[in-house]
Amino acid sequence: MRIHCYSLLFLTANAFAPRLSNLKRTNYPIQDKIKILYGLDELQNSGELLDDLIINGEVGENTVFSVPIDATEATVALATENSETDTGKIIFLSSLDENAEIVETVFQENVSRHQHESPKTPIPAEIVSLGMDNQDKIIAIEATNTAEGVRSLLTASEQAIVEAEAKFAVQAVELEEKTVSPSVPAPSVTKILKFAIPAIGVWLCGPLLSMIDTSCVGLLSGTAQQAALNPAVAVTDYTALLIAFLYTGTTNLIAAARETDATVEGSPKTTSTFRGVLQLAWIVGLGLGGVLFVFAPHLLRSIIGNDSISPAVFDAAMKYVRIRALGMPAAAVIGSSQAACLGMQDIRSPLYVLGVAAVVNFLGDMTFVGNANLWIGGAAGAAWATVFSQYAAVTMFLYWLCNKGSVTTPPINLSESIMRLVKSKYGQNKVLSVGKQPKIKPSAATGESNVSVRGFLADKFSIKDFLKGPSRQTIQDFTEYVVPVTTAQVGRVSGYVAMSHVVSSSMGTLSMAAQQIIVSLFYCLCPIADSLNLTAQSFLPSIMEKKPSPERSAALRKALFNFAKAGGIFGAVMMSAVSCVPLLSRFFTTDLQVISLVNAVAPLLLIFFASHGIVCAMEGVLLGRKDLAFLGKMYANFFVVVPFLMLRVKKAALAGVAGVGIRSVWTVFIGYQLFRLVAWSLRAAHLQRQTEKQVTAP
C-alpha cells in the first residue's frame, strides 16, 4: 500500500503544480462541465480512501493527474505542461449524490521556461503536507521538491510500479474520453418533475384565490352571489392573462442572464434584469388595473350578453371586478417575481408566497363574505380578501428578496471540502476504477440543492425603485415577447370568454353557478400541467444556446421525450383529481341542481386533463425553442374558430334545441384541446428533425 502512495507523490512531483488560488463556488451542472478521468483499483489492507477524481477541462497529451491520499484527507491536482504556460482547474465534489456541492478551485500561473527544462517550482503545501504513515518519507519528499529527489527515495521495484501506474493513467484517460457522456446534458424525467412540481405555485396563485372565493361565496352568500362570480372572475382572470408576456419573458431573460453571469462575481446582469422586471411589472399592472376599473361595465356586458339578467347579479359582478382591479399591480409583481425565481431555478420561494396569499385570502373571506353590506360582503367581500392577500404576498416577496436574513453562507474551506469528499458513501474503504464509477446525477435544478433568491436584491432594490421606470434595455428585451405571447394568450382567452358568454347569456342562473364551480376546479388543475410549460422554458434555453453539434441535437431529442413522459405522468395525476369532482362539488354549493350540473361535466374534464400534461409540455418546448411565430399564428386562428363554434352552441340553446346545455360548450372545448395536442406534438417533432438535419448537413 505504501508503494501506491509513493507512486501518486511521484506523479505529483513530475507535474508542474502551480499555486492554488481564487477559490469559489460554482453553479455549473456537474454533467455539463466535468469528466470522470481517472481512478485506481483495489487499494487493499489499508485505511486510505480515494473518491473519484473529477477534472474540469480538456485533456492534453502531457496532462498528469496526481492524488496524494491518507486515512483522513485526499486532494487532487492537474497540471497541463507545455513550453509556455501552466494552467488548469481542480474540482472537488463533497459527495457523489445528486445533491453534490461543487467547490471549484481555479489556478493559473504563466511561467516562461525552456521547452525541455524540468520544472523546479516547489510542490504546493496543499498537496504534500498530508499526514501519512511514513512521516520521515513525506518530509524528505517535501524537502526535495523535484522528480529526481522523489526517484532517489524509491527502490527499483517501486519505480517500476510508478511507471506502470503512470501508463495506466494515460490509458484510463483515453478510455474515459471515448465513453464520456455528451457535454450537453438533457434534463431527466426525475429532474423535470422535481422542478415542475414546486413550480406549480407560479400558476396556481390566482386560480387558488378565485376558488377560495367561489367556495366561500357559495356557502355563505347563496347562489345569486356565486352566479355573479362567473362573469366577474372571467373578466379579471382572463384580463390578467394578457400580461403573461411578462412571465414568459422574465423566465427566459433571467435564465439567459444567469447563464451569462455564471462566472461573474455578483451576477450583475441577472440583478439588473430582475430590477427591470419588477419595475416593468408594476407599471404594466397599474395600467391593466386602470383599464379594468374603467371598462368593467362594458367588459361584463360583453361576456354576459343578456339584458334580462338580474340587476343584483350584474351589480355584484361589477363590484367584484372593480375591487379586483385594485390588486392588479400586486398580481403583476407577484407573477413576474415567481417567474424570475424559476429562471434562477429557485423552486421554493414561489411556494412560500402562495402559502401566505392563500392563508390571508381565506381569513379575509371568512371575515368579509358573510357581511350584509353589499360593498363588504358577498362577491365584493371575496374581492377585498383577494386584493389584501395579493398585497400581503407581494410585501413578503419583496422582503424575501431584499433581506438576507440572519443565516449567512460560511466561507469556503478547501480542507473541509476535501474531508467531505472522502467521507461520501463511495469513499468508504473503496476506490472506484475507470469504468466502474457510479452515474453522477446533477441536482434537481442545476446541481445545487438549495438555490434561493433570498437576499438576492439586498441593497440593490427598494420600494422607491417602483417609482422609477424600467430602463430602455429592459423594454427592448421584452418587446420580442409582447406580440407573440399576447396573441397566444388572446387566442387562449377567447375560448374561455366565449364559453363564459354562452353560459351566461343562454343557460340561466343555475348553469352560471355550475359553470363557476367547474372553472374554479378547472383553473386549479390546469397549473399542475402549466408548470411543465415554465419548466421547459427554464431548461431548454441553456441547451439552445450551445453551438450546433450532435451532442446538442441528442440533448434536445432526449429533452423532448422526457418532457412528453412528464406530461403523461402529470396527466394521470390530474385525471385522478378530476375523478374526485363528484365528491368535491358539495363543498361549493348547497343547491342540488347545481351539483347535478357540475357532476354531468366531470367525464368531459377527464378527457381534457388526460391530454393536458402533454399539451403544456409540448407548448413549453416550443416556447423554450422560441418558436413564437408558429404559436402566435395558431392562437390567432383559435381566436376565430373556437368562439365561432361556441356561438353556434348559443344559437342552438336559445332556439330550445333539446340536449344543448353546459355539456355542449365543454364538448367544443375538448375538440380544441385535442387539436392542440396533435398540432404541438407534430410541430415539436418537426423542429427536432430540422435540428438534426442542421448537424448532418455538409
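Glycine too: its Cβ is placed from the backbone N, Cα and C atoms.
The transmembrane segment annotation in TrEMBL covers 280-300 (among others).
Tertiary proximity for the transmembrane segment (351-376) is limited to same-chain residues at least six positions away from its ends with a CB under 8 Å from its CB atoms, namely 198, 201, 204-205, 208-209, 212-213, 216-217, 220-221, 315-316, 319, 334, 337-338, 382, 384-386, 388-390, 392-393, 396-397, 400. Among the features that TrEMBL reports, transmembrane segment is placed at 351-376 (among others).
The transmembrane segment annotation in TrEMBL covers 382-402 (among others).
According to TrEMBL, the feature transmembrane segment maps to 566-588 (among others). If one looks beyond the transmembrane segment (566-588) by at least 6 residues along the same chain, the residues whose Cβ comes under 8 Å of a Cβ in the stretch are 189, 192-193, 196, 214-215, 218-219, 517, 520-521, 525, 528-529, 532, 594-595, 598-599, 602, 605-606, 609-618.
Annotation source TrEMBL lists transmembrane segment at 594-616 (among others). Within the chain carrying the transmembrane segment (594-616), a Cβ under 8 angstroms from the stretch's Cβ atoms is held by residues 223, 510-511, 513-514, 517-518, 521-522, 525-526, 528-533, 564, 566-572, 574-575, 577-579, 581-582, 585-586, 588, 661-663, 666-667, 669-670, 673-674, 676-677, 680-681, all 6 or more beyond its ends.
As annotated by TrEMBL, transmembrane segment applies to 628-646 (among others).
TrEMBL lists 652-675 (among others) with the feature transmembrane segment.
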